[in-house]
Structures are given as structure tokens and as C-alpha cells.
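Notes to accompany the following structure.
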Amino acid sequence: MTQYIQGQWLAGEGHEINSKNPANGDVIWQGNTATATQVNAAVDAARAAQFDWFMLGYEARLAIVEAYRAQLEANKAEIAETIAQETGKPQWETATEVGAMIGKIALSAKAHDKRTGTETNDLPAGRAVLRHKPHGVVAVFGPYNFPGHLPNGHIVPALLAGNTVVFKPSELTPKVAELMLKCWDKAGLPQGVVNLVQGEVETGKALASHPQIDGLFFTGSSRTGHILHEQYAGLPGKILALEMGGNNPLIVKGVTDTKAAVHDIIQSAYISSGQRCTCARRLYIEEGAQGDALIAELVKAIKQIKVGAWNVQPQPFMGSMISETAARGMVAAQATLQSLGGVSLVELVQVEAGTGLVTPGLIDVTKVAELPDEEYFGPLLQLVRYSDFDQAIHLANATRYGLSAGLLADSREDYDYFLARIRAGIVNWNKQITGASGAAPFGGVGASGNHRASAFYAADYCAYPVASMEADAVSLPATLSPGLSI
């Protein structure tokens, strides 16, 4: 029973799919995809449930969402282990993901009140009231890299606002999605409020093109996001929120503590095996002896990074990539950069055939004349040496993306200069660029999104404002307009 529609667990009526542990190829979930007919049923269920869910009132909706939080807390060990099994991430990291899922509840409630609450202003003969109403039925498309946390960041604020949801997770992480829906079910969510459709591209197409959805919230690749954007062109009545990737730059300038700089570079480039949308893809280090010393220390540290399966002890820093296909893609990306003149300082290598395990790579692309503006979604960091700060910033901005960027520098003046000129939605100073606060918005510019920041600002795309002029009774004004006699 792989689909959750109208509060019932149903078997998919499409073809068989499975998910595998990318570290060893073991099958950990099997099921069948949702057909277009089942997608229709899920949307119909969400539509039928939506008005009653909205009319239940915010406090009652919040109580159910809080009950879901309690279910996450009660099942956090199982959820963390399942995320680790399906994604290949080490358990220390998946435990933090479940913690973020739990923490999202309070943050979403706070954001709902602050961003989309009700506000009343008195007028001489009445009042002006601002309220917010839900869009209706929204589709949520989840990614594989944070299969719990990222869709959770769309679903929770959508429900608080009064929307109902049809959730289509990544086909690579169906078991995590199944656990999430079991938690919602145990929380007492009314039938039809959240529906789960598992499947691959055809299931996604059926949902994205469904005429009865009022919006779509997507986290994933820029390529897929652009397809969705084209599909929704000419449909201004539907809300589309796109959270996509980036070719993210990290500049190092005048850092005294080189060990700390190395740590932040590694955390920026290689955490989650480089499979975070905010991961550093390009590293800019000054020419000269200080830069040489930093690179030597970085190379040494990269070679010491422990890579292993999600459950090995002691725990590795890097687990598996999501699949063998993804691992091979990174080997191919490295070969492409080498063919263009890049020189590998640390070779990225597939550890074991048939798995997604790879070692981290560092490649010097300073002499590559035309560096591809691609998001290589894995643990491959491109190094560029620069001669002056303006050149580094210019090169950092030479991308169609604009998600995250960072500066490691001792000088506040340098950071202010950088902050004013860099083009990105997340800009960090002396922090890893994979670090972001749930109490702040999360999103980028350019090919990284469509100006619908998520996290604390997710509330904004989950509801629309309703402005009202109100009075308790119909009454004549003290003075009639010229030319009127009543």
C-alpha cells in the first residue's frame, strides 16, 4: 500500500518501483506508481476537504500540526534511520534532519503569525482589516537530498494557512515519505487534507498539469524548475514557488586562522556528499604564499575525510551519494573539467562499483578559459586562484544562478564590500555557506528560484492577502459628496 488518498492506504496501479540503499544496493522499499487516475482521486480528495479544513480555524489546525510534531518526536529514531538508508547520509546528519523537521513546526507557526496574520487599523468611521486566505489545493514536490525536512517546509505552512496538499516525493526516497504520512495519519489529520502520490516522471507530470490544483511548491533541480516555470506561463492564477540549486562561490581573503578556514571550506563543499543546493561549487583563493599554504592544508584535510556507509562505526563525515548513477555523474563531471584544462589536486574516485560511494575531489580550474556554469551536484570543488578582490567577486558573480555565496575574511570592511556586490539570496561571512537559519528566508535569484523564498517566508506563498474596509452598520457620512442629495 504505497499511496495515501482520502485517508486510505492504497496500492499504486502503475508500474513497480523500488528504492535502494545507495551504499550497498539493498532494496528497502517496493511499490507501484500512482496512475493519472489516482492522481485525479488525490486532487479530488484534497479539493473536497479544503473548505472544511480552512473553516476549522487556525487554532484547531495548529493543534493537529502540533500532534504531528509529537509523532515526529516519538518516531525520530526510525525516521532518521530510514533517511540514512534511502539517501546514504550518515546517521549523525539524518538525526539533525529530523530535528529540523520537528523545529519547523514552531518556526512555521511564528512565521504564519508574523507574515500572514490578521491586522486591524481603526478608521474615522470603521476599520481596515488585513486577513490572509489559503490558495486552496497545492501540490508539493519533494527532493531526495532532504526527503523529510524540505517537503515538510512546504507542507506545514501550507496546512497552517488552510490549504490542502497533494505530496509527490522523489521516487528515490519513497519510504521516508510513507513514514511522514503515517505520522500525519496518527496525528488525527482529517481525510483528504494531505494526500501522497508515489511515482516517477509520469506521476509528477499528471500532478503538475492538473487543472484543479491552485499552486505548486517545488524543491529540486534548475532544469525541472525551468520546465515547470514554462508550463505555468500564462497561468497567473496559480502560485508557483521554485526552490532550485546554485553554482555557489566561496571566496577566501586574508584569513589568519587557516585551520578554521579549511573547516568551513570542507563543511561548505562536502557535507551531505556535496548534495545540498547551497554547497560551495567554486572556491576562490588568493595567489601567493598565503594562498599556497592554505591549499596545502586543505588538500591534506580533504584526503583525511572519512567516507563510508550510513551505519559504519565510527561514523563517517561523508556517506553515499544518492545512487550509483549520481556517483558516475560526478566522475564524468571531473573528467569534463580535466579535459578543459583542470588539474585535480585531490581526485574524486568511486569507492566501490555498484554504489554511490565516492571520495571528495578538488580540481584547480584557474586555467580553464570557459568554465561551464553548471551545478555539479556532488563532492567536487573547483578551485580558482585570483589576483585581486574585485576579480574574485567578478568571477563569483559569473553565473546564471544566485543561491548562496560566502566570504572567509578577517576584515569587516572586506565583507561589507563583498556583501554590496555579490548576487545571491544567502550570503554568509566566516560561516559555511551550507548554513542557513530557519528563522530567516531561504531562496536565491537568477536560475536558483522565482522570488518565492521558503523557510520563514514560506508563509508568504501559502496564502494571499485580503484587504477589507468594515463598519458594524451601514451609515450615512457626516457630509455628503458634492452633487448628492439623500
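In case you wondered, yes, glycine gets a Cβ from its N, Cα and C as well.
Taken verbatim from Swiss-Prot:
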ACT_SITE  GLU243  active site
ACT_SITE  CYS277  active site
BINDING   GLY220, SER221, SER222, ARG223, THR224, GLY225  NAD(+) binding site
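SER221 (NAD(+) binding site) counts 15 other C-beta atoms within 10 Å of its own C-beta, drawing on all protein chains shown. Non-local contacts of GLY220 (NAD(+) binding site) by the CB criterion (under 8 A, 6+ apart in sequence, same chain) comprise PHE141, PRO143, SER170, GLU243, MET244. Among the binding-site residues SER221, ARG223, GLY225, the ones whose Cα sits within 10 Å of the Cα of CYS277 (active site) are SER221, in sequence order.
Within 10 Å of the C-beta atom of ARG223 (NAD(+) binding site) sit 11 other C-beta atoms, taking all shown protein chains into account.
Sequence-distant neighbours of GLY225 (NAD(+) binding site): residues of the same chain at least 6 apart with a C-beta under 8 Å from its C-beta are PHE218, LEU242, GLU243, MET244, GLY449, ASN450. A coil conformation is recorded for CYS277 (active site) in the three-state DSSP classification, outside any helix or strand. Taken residue by residue with DSSP, GLU243 (active site) is part of a strand.
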